[in-house]
Structures are given as C-alpha cells and as structure tokens.
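Written out below as structure tokens is the structure these notes cover.
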Amino acid sequence: MIRNPMSDIDAILITGPTASGKSALAVELARAHDGVVVNADSMQVYDTLSVLTARPSETDMEGIPHHLYGHVPAGQAYSTGVWLREAAALVAQLREEGRTPVFVGGTGLYFKALTGGLSDMPDIPTEIRSRLRERLLAEGTDELYRELVLCDPTAAESLSSQDGQRIVRALEVIEATGQSIAAFQGKTGPVIIDADRARKIVVLPDRAVLHQRINGRFEKMLAMGAEAEVKALLALGLSPEMPVMKAIGVSQIAAMLRGEMTRAEVLDTGAAATRQYAKRQMTWFRNQMDESWERVSP
C-alpha cells in the first residue's frame, strides 16, 4: 500500500521498470480513486503480444476498466503522437464522467508528452509511409540514410545511420511537407495532464528483487504461450524494423523456432535482455523524473 495519498488530484501517473509491480499498484489506486487504468507502455498497445509484453490479464484487472491495451495491429505504424491523441480523447471523456485516469507503463516518453506536450508533427499520407517502409525492408537503413543526408542533412546529423524507424520518419516528413523534421520538432502541442495536479509515482525496486522477478517472469511467459505468440507474429511477415518485432523475447524465441537456440538458452538470453532493459529504464527514470515524482520501493 502506498502511503500519504494526495487529495484534489485529477490524474495519477505511475511508471517504473519492467516487472516492478506497477500494474498492480495502478489497479489498487484506481480502485481507491474511482479511476480507470490507461496504458502508457509502447509495447502493450499491440494486439499480438499479450503474454510477452506482460499485458494485464482479466484477472489482473480485478474488474477495473483498462484502456489503450492491445488495440493496435502489429503491422500498423504507431507513434507517441498517435498515443497522445488517443490518451487526450480518453482523458476528456473520463473528466466528463468524473473519473480519474491512472496512467501506468514503462515508456518514459509517454509521460513526458502527457505533462510537457509533444512536437506537433504533421500527418503523413498512407501512400508515402507505406512506400518508405517497404523501401526500408528492401534496401536497408544505409541506403535510406544516404538519401536523408542529401535531402535533409540537419536531420541526418542528429540520427544514427542504423536507426531505421527515425530515418524513415524524417524522410516521410520532408517528402510530405517539403520541410525538415527539425522545423516541426520545435513546435510543442498541448499539455494533456497538469503535472501540478497529478500524483506522480516512480516504482524503483531493489535491484536483487527486480532481477529475481525478471528471471521467474520470463520462464512463466514461455509456459503461458509466448512461443505461440511469436510464431503468430512471424507469420505476418513484418519488417524486422517494425517496433513490435523489437519486443524483448521475439528474437530469442524466433531463434528457438528456427532451431538455433535451446529453450534453456532462450530463458537465459531473454532474462538477460530484460535485466539490461530494466537497468536502462532505472537510469532514465532517476535522471529524468524530478523530485516531484514520489519514489516507491515495493
């Protein structure tokens, strides 16, 4: 139980590393504040990977409404901007109903966008987006990066030559608008959540406890059907550059399906990758979340 609940709040924000117990805390606080849980994790939006992304089950939800989970097809382009628009519409609806949105997830950028706004990026025609993503798959990042250097050197200088998703995004913007993506990144859209009227919690467990949870969790995921999920995902034939293909466990389980890894190796490498990801999250939260965020160690 979290101590010292605040009064007169209109939103609750909960973040923390993977396997920290934040989803259960969200349900607890949603129940206490007549709230609704809203996903703020960039991988839990996809419909294909329920087990592998640790999306809350019906049992986990305990009868509390949960939104923005599993509603995006794996092959569909999805961005922080799209999530923010969906979150804004949901917050407006919940405020009309007098209910408290309880945002929970490990994607730090989502929380920064909620409370600080996001660059007002232009809409990209589907034809342009599809064509460039097909080119990324067919030609690779090096070729598209060389093209970006020629047409938008400012954007190219700020990106890794191997960051396929961001290279494509920059090319999309300049083709659709004739302007560099940098011109839009300086324009900030509306703030959805007033940080001063939100209860903000970052869950930071003891490292040893977190590692123990992660080790057991990955094994449980395999037992619950993660292998079948990855098999279904691979059957879609998506580009390896699509965000959903980069979910932790996908590459390891795919290797097992190809006969290149044993189950034991999948457990070891999957858990190791999850621990590394949790470490990066912990570092980011400690550096980015100021003193207004309540630190909790479960």
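Every residue gets a Cβ built from N, Cα and C, even glycine.
Among the residue ranges 17-20, 41-44, 97-100, 185-188, the one that Swiss-Prot annotates as region 'Interaction with substrate tRNA' is 41-44.
The range from 75-79, 140-144, 165-169 that Swiss-Prot describes as region 'Interaction with substrate tRNA' is residues 165-169. In this structure the alpha carbons, written CA, of SER23 (ATP binding site) and THR107 (site 'Interaction with substrate tRNA') are 13 Å apart. The average pLDDT computed for the region 'Interaction with substrate tRNA' (41-44) is 97.
The two recorded residues SER20 (ATP binding site) and THR107 (site 'Interaction with substrate tRNA') have their Cα atoms spaced 13 Å from each other. Of all the recorded positions given, namely LYS22, ARG129, the one with the smallest number of surrounding CB atoms inside 10 A is ARG129. Taking the C-alpha positions, the distance from THR107 (site 'Interaction with substrate tRNA') to GLY16 (ATP binding site) comes to 9 Å.
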